[in-house]
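So that you can see what the record holds, here are the features copied from Swiss-Prot:
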- H82, H183: heme b b562 binding site (BINDING)
- H96, H197: heme b b566 binding site (BINDING)
- H202: ubiquinone binding site (BINDING)
- 32-52: transmembrane segment (TRANSMEM)
- 76-98: transmembrane segment (TRANSMEM)
- 113-133: transmembrane segment (TRANSMEM)
- 179-199: transmembrane segment (TRANSMEM)
- 226-246: transmembrane segment (TRANSMEM)
- 290-310: transmembrane segment (TRANSMEM)
- 322-342: transmembrane segment (TRANSMEM)
- 349-369: transmembrane segment (TRANSMEM)
Amino acid sequence: MRIFKSHPLLKLVNSYIIDSPQPTNLSYLWNFGSLLALCLGIQIVTGVTLAMHYTPNVLDAFDSIEHIMRDVNNGWLIRYLHSNTASAFFFLVYLHIGRGIYYGSYQGPRTLTWSIGTIIFIAMVATAFLGYVLPYGQMSLWGATVITNLLSAIPWIGQDLVEFIWGGFSVNNATLNRFFSLHFLLPFILAALVLMHLIALHDTVGSSNPLGISGNYDRLPFAPYYLFKDLVTIFLFMLILSIFVFFMPNALGDCENYVMANPMQTPPAIVPEWYLLPFYAILRSIPDKAVGVVLMFGAILIILALPYLDKSILRGIQYRPLSKVAFYIFVANFLVLMQLGAKHVEDPFIVFGQLSTILYFSYFIIIIPLLSLIENELLDIATNYSSNKTLKNRKSLLSE
């Protein structure tokens with residue numbers, strides 16, 4: 001349509017969604033972007049709707065959630081959509097990050113895109129934590145108390161900073177109001193960061209591809225080819241999400257959060273949502289509080305250093321067998337950390353957590369740089385051997 005190329009706003013839509021040239025060999029692993037955009041849209045719409053009926057008060061917050069569930073038209077559907085889409089959001093983000101590591105999407109010229117994506121993930125973690133506090137059940141109260149108390153590990157100003165965040169000497173009305181305001185604001189900041197992520201991707205060289213080579217030689221417009229390909233996974237995602245929302249809405253939640261917050265009674269175990277368990281396991285595996293906090297935040301921030309740690313001359317690990325094995329071990333270790341984060345702080349889980357933490361950081365700091373250098377040398381040896389063999393064959397043909 002001519003209007004898409006003449007209207008100043010629709011021209012942007014046309015260049016990013018309709019006529020955007022994409023490599024012809026993209027697999028379904030490149031569909032996570034559209035699914036994540038859908039998740040963010042669902043979260044913003046359902047979140048704004050829930051905010052219309054929520055009361056950020058320690059006496060009324062729990063009851064306002066029950067009011068939404070029982071009295072608001074389709075309130076149960078809106079709440080379960082919000083909570084289960086949050087889980088889906090993180091699940092897809094982990095797959096998106098994993099695909100980026102596997103195919104080397106962090107390497108130049110996409111380093112800026114990778115950095116913005118990591119900032120998006122950090123903002124997501126903050127938003128999820130703030131949202132977990134709002135229902136003000138037992139896990140909400142004690143989770144907020146434990147996580148905010150981590151800042152007391154900062155020398156000199158730690159305790160003052162914790163009390164400043166609380167607005168008092170414990171979690172109270174001021175805390176809940178602040179968390180609600182920030183939880184409402186952050187998704188819109190996330191949307192702005194997503195736009196920056198998209199601009200950074202399309203204003204460099206566009207999407208990468210499974211081969212790890214330039215896709216400029218063979219490209220297709222995004223619409224209708226990849227638009228319909230995205231719709232396939234969107235419909236599949238909506239089907240799976242509907243199964244969770246309608247048949248097992250609380251499968252990924254914690255039953256303790258259906259008990260009203262009681263500051264006089266500590267729950268048997270204080271655990272965050274499942275998607276934050278790996279980082280919680282790293283925190284708990286370190287006896288020293290300050291070191292544990294540093295490592296927990298470092299576990300996320302170290303992703304920013306990937307472009308500078310990987311010295312390989314090949315993009316991605318699809319043709320690097322040693323790095324491929326190391327990546328699969330890293331994924332398995334991440335899942336182990338997720339399991340350990342839900343366990344009680346006791347032997348042997350403490351020891352397993354420490355070993356998994358060492359392996360997690362070793363993958364980034366030691367294994368990736370070392371294997372990339374080894375594989376570079378092996379590639380040079382193979383290239384020299386191949387060129388020498390070709391030269392000998394040519395000489396033998398000439399002599400004949």
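The backbone N, Cα and C atoms fix where each Cβ goes, glycine too.
Computed from a predicted structure; not experimentally measured.
Positions of the features from Swiss-Prot, shown on the structure.
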residue : record                   : CB count, 10 Å
H82     : heme b b562 binding site : 19
H96     : heme b b566 binding site : 19
H183    : heme b b562 binding site : 21
H197    : heme b b566 binding site : 20
H202    : ubiquinone binding site  : 15
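Looking at H82 (heme b b562 binding site) and H202 (ubiquinone binding site), their Cα atoms lie 30 Å from each other. Proximity of the transmembrane segment (226-246) to the transmembrane segment (349-369) is not established, fewer than 3 Cβ-Cβ distances being under 8 Å for residue pairs spaced 6 or more apart. Only residues 6 or more beyond the boundaries of the transmembrane segment (179-199), in the same chain, are considered here, and those with a CB under 8 A from a CB of the stretch are 16, 36-37, 40, 43-44, 47-48, 51, 54, 56, 113, 116-117, 119-120, 123-124, 126-127, 130-131, 133-134, 144. Among the listed stretches 32-52, 76-98, 113-133, 290-310, 349-369, the one sharing the most Cβ pairs under 8 Å with the transmembrane segment (322-342) is 349-369. The stretch from 32-52, 113-133, 290-310 with the most CB pairs below 8 A to the transmembrane segment (76-98) is 32-52. Comparing C-alpha positions, H183 (heme b b562 binding site) sits nearest to H197 among the binding-site residues H96, H197, H202. Non-local neighbours of the transmembrane segment (290-310) in the same chain are 97, 101, 104, 106-108, 111, 114-115, 118, 121-122, 125, 150-151, 153-155, 278-280, 282-284, 357, 360-361, 364-365, 368-369, 372; each lies 6+ residues outside the stretch with a CB under 8 Å from one of its CB atoms. Annotated pair H202 (ubiquinone binding site) and H96 (heme b b566 binding site), C-alpha to C-alpha distance, rounded: 17 Å.
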